[in-house]
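Per TrEMBL, the features are as follows:
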type	residues	note
COMPBIAS	24-50	compositional bias 'Low complexity'
COMPBIAS	51-60	compositional bias 'Basic and acidic residues'
REGION	1-60	region 'Disordered'
TRANSMEM	69-90	transmembrane segment
TRANSMEM	96-117	transmembrane segment
TRANSMEM	129-150	transmembrane segment
TRANSMEM	223-245	transmembrane segment
TRANSMEM	266-287	transmembrane segment
TRANSMEM	293-312	transmembrane segment
TRANSMEM	319-343	transmembrane segment
TRANSMEM	363-387	transmembrane segment
Amino acid sequence: MSEVGQGTGPDAAQAADEDKDAAEVVAGGAQPAAASAQIPQQAAVQSAPAARDRPETAPERDRLVSSSYFTYFFGLAAGALSAYLVLRVAAHAQSVLILVLLSLFFALSLNPIVTALTRQRRLPMKRSAAVLIVGLGVMALVAGFLAVIVSPVDREVTALLDQIPRLLNEAQDQSTWLGRMEAKYHVFTKIESSLSSKSLDASTLTNVVGAGRYVLSMLTSTLAVVALTIYFLAGLPNVVNAAFRTVPASRRTRARALGDQILNQVGRYMLGSAFNASIAGFATFVWTAIFGIPYPAALGLMVALLDMVPVIGSTVGGAIVTLVALSHSMPVAMATLVFYIAFRLTEDYLLLPKVMRHAVDVPPIVTVVAVLIGGALMGIIGALIAIPTAAALKLIAQEVLLPRLNRR
């Protein structure tokens, strides 16, 4: 029994060891099998980048190059066609675009006054009420200007019509200077022949109709500018916000800050110009009233309006007042010429630097060039908006272009 038990113990231990070795062999064989199963998957994954990184063949490369050239030239042609269409539309609608631009400029100029009325503490008001007050004030000024201008012109035309018989009698008298001029140049004879019945042909009627159409066009343009200015002034915040929405969100904050600076510069410039023009108009009124020059109020308003045009406006106004002063006497005309020369020097070297110091900072040479270019492109309107445009371009160059150039 003991032998059987002793033989049985070693045999059982040996059998257990053999089973353990067999299990290890099976486990060892399973791991290579799993590894061998993963090899095709890794090879497939590694083969995908290899397939992507393989060099392009010549036909594929030619096809890609042709596609890129086609896209480039198609975009270039589309851009050129769009620019041509825009220029054609601008050329045909030039007068309308000028009215819109002038109205927008006036709205930007009056915006600081409207903003000040809406932000006051004593009597705060809505923007619509502030726009209404400013609009009524501007229309009152225009009506007053027309009343001051039309009344003297009407009186002078009436006086001229009353003096026509006397002038005709003097033209027949060879002892007067008018008679000698008539004998030499036959002015009244030509006027009489032109006013005869045979001259009332189609061309005369065409000229009369053309003059009426011109007056009607001027009146319509004035009313359109007034209406557009009020609309722009009322909806200016919405227009500005809509314009800034077209800017990418990452640059919108900077663009808004730059746009606000430009709008403030335009408003301050126009307020400064209006202040200088008021001084010029008041000085003209006082001078002409003291020396008895005709139409002091009309001349003062005319000089104030012309003084709004930079560089050349005050010079033209002074020349007109000097010519009107000739109807009074030659000494008064010479004194008026000296007065305007002195006033122009005072305005250029004393008033304008102080008033414009906090509005726009544009070098004098840039001012002159901008006014000349604006006047050549758009006449008086171009000269009027030339300096604010130059100031805006200078601000954009300082805030956008120069920093980019310095980073390179």
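Keep in mind that glycine also has a Cβ here, set from the backbone N, Cα and C atoms.
Because TrEMBL annotations are produced automatically, they should be read as predictions rather than curated entries.
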I need to check the long-range neighbours of the transmembrane segment (223-245): which residues 6 or more away from its ends have a CB within less than 8 Å of a CB in the stretch?
99-100, 102-104, 106-108, 110-111, 114, 127-128, 131, 134-135, 138-139, 142, 252, 255-256, 259, 263
How about the transmembrane segment (363-387) and the transmembrane segment (293-312): do they have 3 or more C-beta pairs under 8 A, pairs 6 or more apart in sequence?
yes
Positions on the same chain near the transmembrane segment (266-287), where near means CB under 8 A and six or more residues out:
105, 108-113, 293, 296-297, 299-301, 303-305, 307-308, 310, 314, 317, 321, 336, 339, 343, 347, 351-352, 355-356, 358-360, 387-388, 391-392
At a C-beta cut-off of under 8 Å, are there same-chain residues at least 6 beyond the transmembrane segment (69-90) that contact it? List them, or none.
97
Long-range CB partners for the transmembrane segment (319-343) (under 8 A, at least six residues beyond its ends), listed in sequence order, are 280, 283-284, 287-288, 291-295, 299, 302-303, 306
Looking only at residues six or more beyond either end of the transmembrane segment (129-150), which have a C-beta under 8 A from one in the stretch?
110, 113-114, 117-118, 222, 226, 229-230, 233-234, 297-298, 301-302, 305
